[in-house]
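So that you can see what the record holds, here are the features copied from TrEMBL:
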- Lys248: active site, N6-AMP-lysine intermediate (ACT_SITE)
- Glu246, Arg253, Arg268, Glu298, Phe337, Arg414, Lys420: ATP binding site (BINDING)
- 325-455: domain 'ATP-dependent DNA ligase family profile' (DOMAIN)
Amino acid sequence: MKYQELVDVYSALEATTKRLEKTEIISEYLKKLDADTIGKVGLLLRGGVFPAWSSEEIGIGAKLVERAVAEAVGTTPAKVEDAVRDEGDIGLACVKLYSNKSQMTFFSQPLTIDFVFASLQKLSKISGSRSTNRKISILLELLSQASATEAKYLTRTITEELRIGVGDGVVRDGIAQAFDIDKAIVERAQMLTNDFSVVARTALLEGAEGLSKLNLTPGTPVKPMLAQLSPPITEIIPEMGTAICETKYDGIRLQVHRNGSQIKIFTRRLENITHALPEIVELFDEYLPHEDYIVEGEVIATRDGKPLPFQNILHRVRRKYNVEEAMENVPLKLYLFDVLYYKEPMIDEPLMKRRETLENIVDTSVDAMNLSTMLVGTPENIDEIEELFNSSIAAHHEGIMIKDASEPYIPGIRGKKMLKYKAEPETLDMIIIGGTYGIGKRGDFVGSYLVALRDEDDEFKSVAYAATGLDDATLEYLTKKMKELEISTKGREIVVEPKIVLEIAFSEIVESPEYETGYSLRFPVVKNIRKDKGPNDVDTVERLLSMYDAQ
Ligand SMILES: Nc1ncnc2c1ncn2[C@@H]1O[C@H](COP(=O)(O)OP(=O)(O)OP(=O)(O)O)[C@@H](O)[C@H]1O
């Protein structure tokens with residue numbers, strides 16, 4: 001199957017903002033594909049060649065792509081860089097450069113989806129000495145055979161920014177429509193496997209029945225169930241009837257998988273961090289049965305028995321070297337709160353049953369291994385729930401979680417069945433898409449950051465400029481990062497690739513036509529750089545709107 005056909009689909013998708021049209025385009029295209037190709041296209045439509053659960057990435061920097069483009073079209077990297085600055089993106093720059101292409105390719109064959117897919121996967125595996133040359137030669141093989149539009153989307157895929165306004169939702173709807181399957185069935189299959197290649201292929205070969213059979217597999221991470229902000233305890237508990245109320249710990253959420261004798265640890269972004277936490281692997285090996293399981297919990301860093309701020313645990317997890325030393329300096333403590341799989345999938349069981357299973361399988365006789373502190377809350381013991389909240393705060397934790405005891409585990413959903421009740425006001429995680437350099441002495445620093453939220457098509461929409469809450473060292477760090485991610489700079493305004501996530505607090509959400517969301521924030525303050533989060537974890541415009549309605 002020719003790559004150009006997929007590229008025509010990309011162009012059609014980019015040309016419309018209407019969700020139904022996008023769904024129709026995808027569905028019509030998918031119907032034409034065989035089982036092998038549809039698996040690849042399932043991933044390529046989302047701009048990648050690895051499933052969402054995989055930590056593999058193409059891993060090619062913008063500069064290297066610019067070098068390869070320069071060579072492919074017979075110009076200099078500086079000219080390519082200029083074109084990127086003028087056009088605002090490597091893809092559009094390619095369209096311009098390829099129209100003036102001086103290099104002729106002899107015996108050029110059309111690119112196929114198979115070849116593109118295999119080459120992009122190969123790129124991620126190259127490391128070590130002379131790796132740059134080997135990467136360039138793979139890039140050149142692709143780019144010298146590419147048409148202008150192929151080069152546009154190839155370079156965007158390689159730099160991991162496809163920009164066709166297609167999120168998981170549209171791909172899911174496209175698959176559902178192509179094979180006449182209920183959207184909810186496709187969605188569930190995607191949430192459980194996190195792999196559009198498996199979902200698309202199964203939909204084609206086995207339809208709804210095959211998709212319904214897909215389930216969790218220990219070893220493959222699943223998107224976690226997320227929490228909404230809780231209304232007052234006195235309101236929500238009568239509504240839920242029976243709730244499991246637990247201390248909310250301020251650490252990092254871990255999903256721990258055992259498959260045979262292998263234990264793997266993933267973050268909530270499905271990143272494999274097993275290597276950074278050897279003592280946690282050991283704890284699981286020793287204090288849980290040697291059965292296949294998927295268990296979730298929060299890990300916190302402690303000193304003298306007291307919890308340390310979240311940043312400390314982040315440093316532990318990010319560490320690649322001197323892990324042993326860090327183990328001594330930052331002792332970790334685990335608080336397990338859910339089990340998704342034990343010998344068999346458990347997510348459809350009510351939370352109360354899952355909690356009972358967890359209590360039966362975890363040996364908490366060692367200080368580091370714990371279950372989350374919990375009580376069963378009902379309208380009759382609201383005072384005890386309030387007491388749990390107070391004691392959690394007094395012990396320097398964040399607050400409490402309030403979870404409906406009768407509910408299943410729904411991966412990837414931020415629903416009403418799992419709530420958080422915190423002492424601190426709510427914040428939103430936003431992505432930096434640009435900024436403004438300061439004036440005078442501060443002229444070298446980006447002092448004000450244009451932040452954005454994710455819409456339903458995974459496009460970033462601006463919300464506010466945040467300029468408060470940063471010390472000089474952080475300003476310096478952010479400015480350096482922004483320069484690395486720079487797309488263009490005009491005057492004092494810089495535009496960057498959306499990669500850095502900031503946690504922003506604010507006093508109020510207000511309507512504002514100046515920003516793309518149509519809303520803005522009063523008194524935005526940067527609380528943290530969320531190095532543990534990426535573009536996919538950025539909060540949504542929908543969430544902003546629901547907070548606006550709530551205020
Ligand atoms: N007992 C607990 N049960 C469930 N989650 C817990 C618990 N203690 C701490 N947590 C953490 O709280 C998070 C739930 O809040 P939420 O879904 O809003 O995640 P978040 O976006 O990281 O928000 P926050 O920044 O408030 O933690 C979980 O992902 C988990 O990391």
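For all residues, glycine too, the Cβ spot is worked out from N, Cα and C.
A TrEMBL annotation is a machine prediction, not a hand-curated record.
Features as recorded by TrEMBL, highlighted on the structure.
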residue : record           : DSSP (3 states)
Glu246  : ATP binding site : strand
Arg253  : ATP binding site : strand
Arg268  : ATP binding site : coil
Glu298  : ATP binding site : strand
Phe337  : ATP binding site : strand
Arg414  : ATP binding site : strand
Lys420  : ATP binding site : strand
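All protein chains included, Lys248 (active site, N6-AMP-lysine intermediate) registers 23 other Cβ atoms within 10 Å of its own Cβ. On the 0 to 100 pLDDT scale, the domain 'ATP-dependent DNA ligase family profile' (325-455) averages 93 in the predicted structure. Cα of Phe337 (ATP binding site) to Cα of the residue listed as 'active site, N6-AMP-lysine intermediate': a span of 10 Å. Residues in the domain 'ATP-dependent DNA ligase family profile' (325-455) partition by DSSP class (helix H, G, I; strand E, B; coil) as 35 helix, 55 strand, 41 coil. The maximal spread of the ATP binding site, taken as the longest Cα to Cα distance among Glu246, Arg253, Arg268, Glu298, Phe337, Arg414, Lys420, is 19 Å.
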